[in-house]
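Lifted from Swiss-Prot, the feature list:
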DOMAIN    3-120  domain 'MTTase N-terminal'
BINDING   Cys12, Cys49, Cys83  [4Fe-4S] cluster 1 binding site
DOMAIN    143-375  domain 'Radical SAM core'
BINDING   Cys157, Cys161, Cys164  [4Fe-4S] cluster 2 binding site
DOMAIN    378-441  domain 'TRAM'
Amino acid sequence: MTKKLHIKTWGCQMNEYDSSKMADLLASTHGYQLTTIPEEADLLLLNTCSIREKAQEKVFSLLGQWKLLKEKNPQLIIGVGGCVASQEGEQLRQRAPCVDVIFGPQTLHRLPEMINHVQETNSPVVDISFPEIEKFDRLPEPRAEGPTAFVSIMEGCNKYCTFCVVPYTRGEEVSRPSDDILFEIAQLAAQGVREVNLLGQNVNAYRGATYDGDICSFAELLRLVAAIDGIDRIRFTTSHPIEFTDDIIDVYRDTPELVSFLHLPVQSGSDRILTMMKRAHTALEYKAIIRKLRQARPDIQISSDFIVGFPGETQQDFEQTMKLVADIHFDTSYSFIYSPRPGTPAADLPDNVSEEEKKQRLHILQQRISQQAMEISRKMVGTVQRVLVEGTSRKNVMELAGRTENNRVVNFEGSPDMIGKFVDVEIVNVYASSLRGILLRTEDQMDLRTHESPQSVIARTRKENEIGVGIYQP
């Protein structure tokens, strides 16, 4: 009888990536098949996030529901991973004894052994250690699910912003070897992936080892990925301004595969607040980066993160943030009211901003950025946009839907054979959350660049010798 696995994922794209790897890993080692119904599962996994407020309460609320399922089925195994698990460790089991497995972001590759331990000994296991990059060496080959894919290139962060838990839950920065990354992307390209999103908590700090003992910079990695035939779009998330060096900006000048859209978190427009956050840059320095980017790629759109109501934020501080929003003309943002994360330096700061004031500021900020996003969308009417077709439209299965470089959903009339390919469409109308387009040309009529086939990348990157040790084949 087939064993079923249910995974609940909260949080960032890195967590989504990790959850997909868990599913692939447990399918290969234990034969688990995914189910969307928790009641059907033999194994329940919760991949948690601790960035936002009340993360712990949210976890224990769901575990209370899963406890009832375990009372009905004592053989059910419950596992909790991610950043809350990394923070709480053994204390998590003290509040939720129904949990059998507790693992951190860096130990998900050990899940098969942990599950075996529970099944053989009927005792729980906790592993929230930081074994650096080991997990990537023990995960199964990537499996494409559509024309887009996430690829993790590094883990952790060394910046220690005062509001952030990432360095404590995911560890400090560790970069994957460049050839391992190219090997994974080439495998995905061979399966039909056309767009990759390179992931890392501080992705532009990437410094990966090469086969010959050298170091590959993030800018160099971007060019190597762009050279793989079939990979015609590259995104990356998330960046830090102090690591956004000129060599990365130069890639925007000469590498069209790198999309004209960048998510670059700034958090605040007030230098005083940025200093309290330990962001290590000023608002003016952030604007200088954007100015150079727009010189290299005039049509680039910028999105960002904002924290409203950081401890001690005055009305003047907030007005400086709003000025930055207007000056940069952000397209979209992920903006939140500040909530203290246990164990971070900012959690000890006196919070003298009222909840009502925080909510009002957040509303003003989000409303302004929404207006700017609509202005950008309206300017797209009459333009020709290259769209990667992802599938049928949500509202009309007789139509297709895809995304532009700046992440706009476009619905248009087309044929099913276009799914997974690029098309050029003329934008004719704008809606609140999508655009309407008319098909102009298909991929067969385009001149997409071809540099190196996925098969040749696979052939020249990581191989294994007779005892399973990775070797490089030039």
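Using N, Cα and C of the backbone, Cβ positions are placed for all residues, glycine too.
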Cβ-centroid neighbours of [4Fe-4S] cluster 2 site Cys157, Cys161, Cys164, 8 Å, sequence order: Lys159, Tyr160, Phe163, Val165, Val166, Pro167, Gln201, Asn202
Greatest C-beta neighbour count within 10 angstroms, which of the binding-site residues Cys49, Cys83, Cys157, Cys164: Cys83
Local Cβ density at Cys12 ([4Fe-4S] cluster 1 binding site) - other Cβ atoms counted within 10 Å: 19
For the domain 'TRAM' (378-441), residues assigned helix / strand / coil by DSSP: 5 helix, 33 strand, 26 coil
Alpha-carbon distance [Cys164 ([4Fe-4S] cluster 2 binding site); Cys49 ([4Fe-4S] cluster 1 binding site)] in Å: 12
Environment of Cys12, Cys49, Cys83, the listed [4Fe-4S] cluster 1 site - residues of the same chain whose CB lies within 8 A of the CB centroid: Trp10, Gly11, Met14, Asn15, Thr48, Ser50, Ile51, Gly82, Thr169
Integer Cα-Cα distance in angstrom, Cys164 ([4Fe-4S] cluster 2 binding site) to Cys83 ([4Fe-4S] cluster 1 binding site): 12
Between Cys157 ([4Fe-4S] cluster 2 binding site) and Cys83 ([4Fe-4S] cluster 1 binding site), the C-alpha gap once rounded to whole angstrom: 13
Helix, strand and coil counts within the domain 'MTTase N-terminal' (3-120) (DSSP): 65 helix, 22 strand, 31 coil
Inter-residue C-alpha distance, Cys83 ([4Fe-4S] cluster 1 binding site) and Cys161 ([4Fe-4S] cluster 2 binding site) (nearest angstrom): 16
Around the Cβ of Cys161 ([4Fe-4S] cluster 2 binding site), the count of other Cβ atoms that are within 10 Å: 21
